[in-house]
Each structure stands twice: as structure tokens, then as C-alpha cells.
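One structure is given below, encoded as C-alpha cells.
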């Protein structure tokens, strides 16, 4: 049996036997003066063994001058290829760790000169070796390692094999990866390094985050955030307009008066008289001056004057996230407005203006920032049941049967409309269309563009609420006859009736078109079906057809032939409240009741909704916040000593009015 070949040392020569090693040890003890000679001899041998290896694999640095012309095959050898971790043209090539290399250098310098030279030769061999040779060297070294050494290798390698992929990849791919992270993970990623922070805080990532969460519920995490404060958007718009009007094309500032803010600009009378509004008051002029003072502080020749100041999307998300968290946990401040002498029946707020109507026949305008009453509008002879205002006008409806148009900034009554034979309970205007609901069981449509009016008949009891959708030219109405109707303004007919409530329906609110309802969340209630105005066929059949009994079945539109030619469809979802103590979510195209909200102990008088939540107020003096997708009651507020009769909803606050003569505003702004 042949003996095994001797093990080859890492320096290229055969390893010495055990006897030879012992003999050398004895000789070294007897002849210590020969150690320097042995070291010098070993260094020469090592140099002769290492130099050819280095010259072969690193010819540019170690090959002699006379051997420059090497064979092309040797240059393109598979063993001389770089691995992907050591490609000089790759960004993922790992850089030296400065603290580790400093420690390594200090430990190396603590060794004798001969040991330093031997270790350096080993490093040189490994550094010059191609990928295949490196693997062989590593396998041989690890085969001789004991467990403590293998444990050291395992611990060290765990950190070395990590690659900074964010820094290595192109920014576009890094942004794509970061867009999959949630808010918490993004904030942690920004703490890794400066490079990670620059990418994790970039507007590309946070704009995507805002798109997923603001004004809608994220499908992945279920988190939704309110819109940006409209007041900030308007102030930014006004500043841009003022800056544009005070500079000409040559960059010089003319002696011109800045443009008035949007809420102080003169407008035409909504009644169609064509008269201009009066000149702005001292208060309105002061608003303009405040906007101009901020511009006057900047030098006229500075570039900053022309630059639009953008707010980083991360700050936008941060601001909205705080508001959304306050909504979730019910953290809010409350301001109470007192001044009416009878129950508050209607209200609306916008920016810092709050308008309230009461059974004391007055309308009060409040400053929400200070809580002070600005002015009182008087003119109605009976209780005020409904109102709505915009930047230029306020329209109110009263139990005296009249509709009045006011200049709420001055308190002047511009015009009065009478057309109902009973009190006006509800109204809503959009653009040039005004719809009013009355105790005379009708809905009246007022068109201020062509000065025309029409009556929509079909309800058999008081009509409590109306909503106009200008885009689809339709109107929703809710009545004490326990139904909700959808009307076509072009044909002046009812195209769908929603049945399901067993109490008088008090409110109907179309949800924004951005609202999305998952199909798996649907609670189909087959006993709540819609019909059409004919009512000549069974409810189940009419709900299946989705059309009038004498109409031709339309395959393209569930709302009838008039919606087949590309006409905008009505809002897809509506919510209603009734005195049966329930709130219902409906799909308008099919008439199905998708969800019923239970929780109030008595009839629900007030209702407001957006894409994130539903707010309701009831006879039980409670206000409830609902998730429209799950039907869960997220929060209940108390405080009123009388039934809650009206609600106004904003992105970061809501207001409630009650028969206790008080108005409460809940602000979730951080």
C-alpha cells in the first residue's frame, strides 16, 4: 500500500515531517545564533516561490519587463476572471473598513519582523489569486481550523457579506424599493446612513406615500389620512397671485395695487342682476395688507422672490399623520359657541368662518379662531332649517316658506325667493343649480343661469334633505315617507327609489367619487331593494332590471337610456340616516343596501361623510364616528344636553349643533 503524498505548505514546498520539526526545535535551542540565518534563508525561498505566482496572475505589477507579451489565452483564462464582489467597475465592491483595518495594522506591527513578512506573503498570494484558486486556499485553511476559529469566521463573515444595496443600485430602483415600505420602516431607513437618508426622505418616496394614504384608505395597511388644510392651499395661491401681479415681464416692480384675495374680490350678484359687489371693507383690506407685508420683507432683486416655496411631501405626510392619529384616538380640543336663544338646526364652516341657523329665526356668523360672533343676519320670520354659503353668498331656507340669498360679509339680504307652499327644510346649491326641499312634499329646482324653475313630485310626505350633483345633472332627496329618490334633471323624472328604512329618512349624503368599497366588505341585504318611479312591478323585479317598468332594458347604463351617451353617472355610493336609529350605505347603480350601521339609541337627525369616515348625531345626544368600509363605530362623543340636529365635517375638525342652543367644534389639528 502506497504512502500518501506529503502535504504541500502554503509557500509552495513540501511540508516537513514531525521528526524534522522536532529536530529543528532542538537545533534552535542549541544554536540560537543560527535563527537569523534560517529566517533569511526562508525569506529567500518564499520570495522565489511567491514571485512567479504573482507575476503570473498580476502581470501589470509583478511581471519582469522582458515578459510583457503573454499569450492571449492565458489572459482570458477562466481562472483569472474577477468574481462579482471584486469587479472594479461594480459599485457593490466592498470598501475597506477603516476601524477594522487600523486594528489589524496594530496587531500586525506587534509581531516580529519575520512573522509580519510571512503573513504579508500569505495576503499577497491570496490577493493575486483568481476566484478558483481563492476557493481552494480558503477550503484548505478552513479544513485546518478548530471550532473557536470557525466560530470567529462565522461571526466575522456575517457582517462582511452584507451589501449596501440602496447605495449600490441606481436611484430609480432604490426609490422603487423604498416605496414598498411603511412609514415606520422609512423613518428607520433614514437613520442608516446619509445616503439612505437622502433617498428615504426624497419627495419621490413620500409623494407616493401621500397618494396611498391621504383622502383615502390604503388597501395594504388600512390607514387613511385627511386632506391638506384648504386654508394653507388658498393662502399659497393668493401669495402666488399677488407676486404675479406686482411684477412685470421685465422683472421690475410697478406701482400697482396687489390683486385682492379670493375671498375679497368683487363678484357678480348670484341673482343675475349683474351688479358688482361693494368695495372691500376695512377688514378685507387688512387681509390684503397682511399678504403684501410678507412679500415686502424680501428684496426685489432677490431670486428667492420668484422661487415658489415647496413644502416637502414628508412634512405634508407628517402633518396629516398627526391629524389622522388624533382622529383615531379621539384627541381633540373643543370650542363651544353660545348665542342662539333656540335650538340650532343647521350649520356650515369653512376656514375660520362658521355659519349657524336656529329656530330663533336668526343666522349667526362666527370666527372659529376666536370663538367670537362676527354678525347676525335677520330677516326670516320663522325658524331657519337649512343654510349653505361660499366665498360670496349665503343661502338660507326657513319654515316661513322663503329662500333668502345674503351677503354674509356685510349682512345684507340680496334677494328672497318664494315658491313653496310650506316651510323649506333642506337646500343645496352647486354652481348655478339650487335645490330646495319643503314640507309641501316637493323638491324645487332653481336654475340661476337661465332663470328657470321646476318642481319634482313623487314623495308622499315631507322632504327633509336634497343634494345636487352637477356632474351627472342629478338630485338626491330624502323624505318622511321612508324613501330616498334619485332624480334626473334633464328629464325631470325619478330614475330610482331606495327602500329599506322603516323610519323617516332625515339625511342623504353622496360619498365622494374617490371613495372605494371592497367587494368582500359588502353585506348584501336582499330585503332592501330599489324601485323606480312607476311602482307598477314587484320591487324585486324592478331592482333586478334597475329601470322603469315601461322602459327598454339598457345593457350599458343602470340609470336608463339618458345615461348611455357618455353622460357622467351619479355618485356610486350614498349614505342615509333615519329616525329608525340606523345609517345605511347604498350602491346607487343597483340600489342595494351594502351596509347598515347600528349603535344609536334613538333617531339619527344629522349626518356628514367623506372618504374616510361618517359622522352622525342623534336624538340620544351622542355623536358617533364610523368607518364606512367596516361599519365599525370608532369613537363616541357626548356633551350636548339636547338632541344633535346638525353636523359639519372637515378634514381636521367637525362641528355639531343641538337643541340645547349650543354649537360645539371638535378640532383634531395638532
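Yeah, the Cβs are placed from backbone N, Cα and C, and that goes for glycine too.
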Checking feature assignment: region 'Disordered' per Swiss-Prot, candidates 249-287, 288-326, 327-365. Which range matches?
249-287
Under 8 angstroms, Cβ to Cβ: which one of 379-418, 553-596, 599-636 has the largest number of such pairs with the repeat 'WD 4' (458-499)?
553-596
What does DSSP give as the helix, strand and coil breakdown of the repeat 'WD 4' (458-499)?
0 helix, 24 strand, 18 coil
So what's near the repeat 'WD 1' (339-376) in sequence-distant terms, Cβ-Cβ under 8 Å and 6+ beyond its ends?
230-231, 234, 382-390, 394, 396, 398, 406, 408, 411, 642, 645-648, 650, 653, 655, 657-663, 665
